[in-house]
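These notes concern the structure reproduced below.
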Amino acid sequence: MASQPQDTPSSAKAQNEGGKTVLQRSDVQLSFVLTRDGVHQPRKVPWVTLVRAYGHFKLSLSEAKRGRQLASLNPLALGSDSAQPENQAMSEKLQGEKTSWGDHEPLSKVPFKIMKGHQHIVSSCHFCVDDTKLLSGSYDCTVKLWDAVDGSVVRNFEPEPGAPVLECSVTADSRRIVAASYDKTVRAWDLETGKLLWKLSHETFVVSCKFSPDGKYVVSGLDVDRGICITDAEDTTTVSHIKDHHRMSVTSCCFDPDSQRVASVSLDRSIKIWDVTSQATLLTITKAHTNAISNCCFTFSGHFLCTSSWDKTLKIWNVHTGEFRNRGACVTLMQGHEGSVSSCHFARDTSFLVSGGFDRTVAVWDVGEGYRKLSLKGHNDWVMDVAVSNNKKWILSASKDKTLRLWNIEEMDQIPLVIEYKKALGLKVKQCEECDRPFSIYGNDIFPETVTKCVFCRMDVKDLSAEASPSSEGEDSLARECSQGEDG
């Protein structure tokens with residue numbers, strides 16, 4: 001969730017017709033027949049009008065034509081040929097097709113789905129219920145649950161907050177959700193029934209809220225208090241209320257995987273780690289960035305913390321040992337965004353990191369090598385938040401353009417753009433003899449000519465757990481970065 005000035009929605013209570021997602025044919029049709037004066041025509045339109053519409057959305061004619069011919073893609077058959085004759089594709093569109101899949105740029109070939117249903121900025125997003133449902137919060141004062149398959153709105157959580165929702169969070173078991181809003185409240189609902197469980201009021205604005213992984217606590221980031229408040233998630237009693245924790249307003253906070261430590265970041269450019277048991281600050285990093293820090297997230301081991309900043313960079317810190325390379329971060333990720341970075345999220349096995357930016361893009365980073373693998377483009381305004389599914393096949397992004405986008409990255413390492421990036425960096429791309437997937441051989445590998453299988457097939461040979469082993473590899477890559485920097 002990105003931190004930004006308050007933007008009160010003009011119609012806070014506006015609802016979708018029938019409570020459904022607005023990704024109906026009328027919306028898809030609008031993107032092709034919208035004229036400069038805002039009038040859209042239902043079916044046949046003059047060629048001149050189409051040209052003007054394409055120019056309005058700043059798309060080339062070739063891109064627009066390609067997009068018009070795209071058919072719906074089956075997310076379970078990503079490699080299948082989806083091309084259809086133009087007449088057939090347009091006929092399907094006129095019949096009210098609900099989902100809109102398509103390639104977002106020539107070399108990337110990343111299928112995506114656009115979900116419309118919010119009437120204002122979408123500030124927060126999450127995967128839940130085994131990646132089958134999506135959760136979102138918005139400046140339209142609503143919290144919505146979506147079906148990830150068809151993009152429909154399953155539920156609007158009521159009673160609705162009385163002000164824009166800044167952040168929402170869900171427990172690891174997907175049973176409860178919590179949301180913070182500008183009305184100085186934090187609300188919790190039962191995800192399955194939609195019943196309001198409790199409402200907690202603060203004396204100041206709440207800009208961030210997160211469940212602890214064990215579901216026992218909720219941490220809230222406070223604006224005027226410049227601190228954090230840790231609350232019991234069952235009876236709403238206060239566990240800790242640390243005022244003046246930072247010198248300026250807190251922008252984001254989160255628990256570590258053990259639910260024992262809370263990281264918080266601030267406009268004052270500092271990072272703090274608070275211990276829940278000892279009620280003390282374990283670590284303070286001042287001037288961590290050259291501008292305000294917008295967000296933070298732990299790896300799933302809790303050893304590393306990533307921070308995103310308005311200085312256009314992300315940094316990864318070893319908060320387990322408290323040792324920093326050259327008095328700085330283990331890894332600094334630069335040249336991925338052209339504007340402020342609003343959000344960050346690790347994949348479950350730490351093999352990659354996803355970030356969203358005010359440059360309207362979503363960046364996918366190779367954590368071990370520290371470079372941007374892919375930039376996902378398509379949002380028409382700031383990307384406010386990002387999330388990664390547990391199975392690593394999907395990326396979810398929330399935007400100021402009032403939409404959510406669901407990106408299918410299951411075949412990310414096989415798309416031409418990623419392979420070209422690796423070649424440009426001097427990384428040797430080889431084909432796995434077992435599964436035929438391309439994989440990289442890095443310069444620090446010993447006897448790279450003997451490596452004929454990708455890491456996943458090598459793990460299968462060793463009978464290692466598919467979940468635990470990739471995690472250790474991702475963590476080891478970060479650990480090597482830190483140790484190499486300290487030795488230097």
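Cβ coordinates come from backbone N, Cα and C, glycine included.
Database features, via TrEMBL:
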REGION    1-21  region 'Disordered'
COMPBIAS  1-14  compositional bias 'Polar residues'
REGION    77-105  region 'Disordered'
COMPBIAS  81-90  compositional bias 'Polar residues'
COMPBIAS  94-105  compositional bias 'Basic and acidic residues'
REPEAT    115-156  repeat 'WD'
REPEAT    165-199  repeat 'WD'
REPEAT    243-284  repeat 'WD'
REPEAT    286-327  repeat 'WD'
REPEAT    334-375  repeat 'WD'
REPEAT    376-417  repeat 'WD'
REGION    466-488  region 'Disordered'
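In summary, the repeat 'WD' (286-327) lies against the repeat 'WD' (334-375): three or more C-beta pairs, each 6 or more positions apart in sequence, are under 8 Å. Residues belonging to the repeat 'WD' (115-156) score a mean pLDDT of 97 in the model. Taking DSSP states H, G and I as helix and E and B as strand, the repeat 'WD' (334-375) has 0 helix, 23 strand, 19 coil. Counting residue by residue with DSSP, the repeat 'WD' (115-156) contains 0 helix, 24 strand, 18 coil. Mapped onto DSSP classes, the repeat 'WD' (165-199) shows 0 helix, 22 strand, 13 coil.
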